[in-house]
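Report on the structure given below.
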């Protein structure tokens, strides 16, 4: 009875300035780093360990005791050990009754066990209040203080009061707690650190596939075809020329793919006459990774700028320029300035500069530090209105540069169109359909649907 009363007293809100003692089971890397961070934040820390001998690795202001004795000194106990070692806690069930146990463990692979580690701990110690937290923070980040990339801490648990106590500790350490609900969410939280760029898989695989296709396409037309029919070895095009053709093509197509799912969504909503029905799964996943597609497109556009800037330094460019000068000298004839070509050259360069500027602006506003400082209307204006303007400029840039190949029979090597012709298919389709969607006769019903109007309300039920 006295033991339970002391536990309840420890769980009561602390009204004094002194912070409550925290016990940590485990003196590994993370346990030591977390203890050091807590001591810096004003928490008395006691370690529960098999060996009570003080080590130089343990924070100097921390106390090291046996597990049972350490547990009696604190209401909150952080379990900084792996799941396979949980069995030693079973004999301590009475000592841990009523205590808040914070499970911080992770696994080696996704869904390694049928239930989460936190749920397993709750089954072993049904009298304790288990909370899952801190598993998304690394020991290195705690020790070095570089917590910007891992400041958010997911917290879940069945006991609201215990969860709130843990979240208060998270805030005191300068981290941001995020309540994920009951202990059923522990499996998802434990899987989170094991996921490698979960939202980037589709954009990366798509980008790699398209890049490989366009690269091989250019190799066939610019190197193999030229070698077979003109007996010229342009294999060195692989280093600069072909990448400088693939990069702008990829940037333009990926930018168009950012706005294409919005086009599909609008068409589906117009067809259904309601916004209260889920989109197909493939469209949902596509819309969720638009930011990643846009950032990869920006990377390709940046590479295109770098490749273009180094183009005049190439030996092939110097040779071609020198050959033209020598040809004019030998023929004693100066080629007059072609004003049409000059206009086209300056136009596509200007369009490319404007498009890249807006491209960079889109990338900057997608950063959390920037997007958090603008309201929804401002963010939507940049990402939608200026985004479509960037797509128009980039499409026009490609059209002015590569438009001359549309009607030139020599551009169709082996009856295959030039790569710039292929790159215009998706962006032109997006812009044409978007132009139709902004007509008042189409835009007005679409706006009404997105505001909640339904053509046939029965579909929303």
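The backbone N, Cα and C atoms fix where each Cβ goes, glycine too.
Caution: TrEMBL annotation is automatic and unverified by curators.
Annotated domain 'Pyrroline-5-carboxylate reductase catalytic N-terminal' per TrEMBL: 21-107, in sequence order.
The transmembrane segment feature in TrEMBL is assigned to 204-229 (among others).
What TrEMBL lists as domain 'Ferric oxidoreductase' is 249-394. Residue counts for the domain 'Ferric oxidoreductase' (249-394) by DSSP state, with H, G and I taken as helix and E and B as strand, are 122 helix, 0 strand, 24 coil.
Taken from TrEMBL, the feature transmembrane segment covers 249-271 (among others).
The transmembrane segment feature in TrEMBL is assigned to 292-310 (among others). Long-range neighbours of the transmembrane segment (292-310) within the same chain, counting only residues 6 or more positions beyond its ends whose Cβ lies under 8 Å from a Cβ of the stretch, are 199-200, 203-204, 206-207, 240, 243-244, 247-248, 250-252, 254-255, 257-258, 355-356, 359-360, 362-363, 366, 394.
Annotation source TrEMBL lists transmembrane segment at 347-365 (among others).
Taken from TrEMBL, the feature transmembrane segment covers 386-407 (among others).
The transmembrane segment annotation in TrEMBL covers 419-442 (among others). Within the chain, the transmembrane segment (419-442) has long-range Cβ neighbours (under 8 A, six or more residues past its boundaries) at 214, 217-218, 221, 245-246, 248-249, 252-253, 255-257, 259-260, 263, 266-267, 270, 388, 391-392, 394-395, 398-399, 401-402, 405-406, 411.
The average pLDDT for the domain 'Ferric oxidoreductase' (249-394) in the predicted structure is 87.
When the domain 'Pyrroline-5-carboxylate reductase catalytic N-terminal' (21-107) is classified with DSSP, helix, strand and coil residues number 28 helix, 19 strand, 40 coil. For the transmembrane segment (347-365), same-chain residues at least 6 beyond its ends with a Cβ under 8 Å from one of its own Cβ atoms are 251, 255, 294-295, 297-298, 301, 305, 371, 374, 379, 382-383, 386-387, 389-390, 393-394, 396-397, 400-401.
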